[in-house]
Amino acid sequence: MTLRALKQIIPALDTSDGAGVRIKRSIGQRQTVRMDPFLMLDEFGSEQPQDYIAGFPSHPHRGFETVTYMIEGHMLHEDHLGNQGNLRNGGVQWMTAGRGIVHSEMPQQESGVMRGFQLWLNLPAAEKMKPAGYRDIQPEDIPVFTHAGATVKLIAGTLTVSGTEVTGAVTRSSTQPIYADIHVEPNAQVSLPVPEALNAMLYLYEGNTNLVTGDERTALSLSAANVLADGDEIMLEGGDAGARLLLIAGRPIGEPVVQYGPFVMNTREEIEQALRDYQSGRLTA
Ligand code: MN
């Protein structure tokens, strides 16, 4: 086993999106800052309604998937297929835009804390134009296991821990995403396998933890994409207050990426086609 070291730190930048929702963006803050197959990671977290109340009114997507993980709060998704999904504490919405979806994502609360993440996962060329799909995943349908002082909630992918294979709520054969929310107990040391073929990062959102490689301990940066080097295992050591972090890994697609706002394709011509299709109402046809 080879422990993965820290390769690059991408601190999240404050920005706003939708109708003025305040977010912290790490991956995707610029089009050159990505980790194939992931395009973007936004962290939203506020107790101030003015930071989230405007939500994300009706807008299109084509060519990739969005994964929204709500830690705290209540958001309503509605799309052109007639899907309506209530995203609540601990739930996940997995939306496959494919050839096209038009949806809205609106807060259903006027006060209190809204906290969570939205991750954009690219699709390979062969899947970009497949029919749109949508899944509302309830918290109780997300596998959770404990291992060596850590609690791991496995939203996507497969992890083999102590000889037992655990499969998350979603699997994808092309990009093989692993998406886990890991809570590390204070001072606990936990190792998890992350296959060599996958690009991987850790996003620390609470507390502190070290990444252990041999004799070295490197503190992970808070609210940052801590991108990992090659290897097939990660080892974490929780700080005095423990830590909460996301493990995000996936198989790189290795194709050209051309993005224009909510459309992510392989060529400029395909982006122009997406714009024409959207303008003429054929994005979702
Ligand atoms: Mn959206």
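Don't overthink the numbers, they just go from 1 along the chain as shown.
Glycine too: its Cβ is placed from the backbone N, Cα and C atoms.
Feature list (source: TrEMBL):
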BINDING   His59, His61, His103, Glu105  Fe cation binding site
DOMAIN    21-121  domain 'Pirin N-terminal'
DOMAIN    179-283  domain 'Pirin C-terminal'
Of all the binding-site residues given, His59, His61, His103, which has the fewest Cβ neighbours within 10 Å once its own Cβ is left out? His59
Glu105 (Fe cation binding site), number of other Cβ atoms within 10 Å: 23
Simplified DSSP label at His59 (Fe cation binding site) comes out strand
If you take the centroid of the Cβ atoms of His59, His61, His103, Glu105, the listed Fe cation site, which other residues of that chain have their Cβ within 8 Å of it? Phe56, Ser58, Pro60, Thr66, His77, Asp79, Met95, Ile101, Val102, Ser104, Pro262
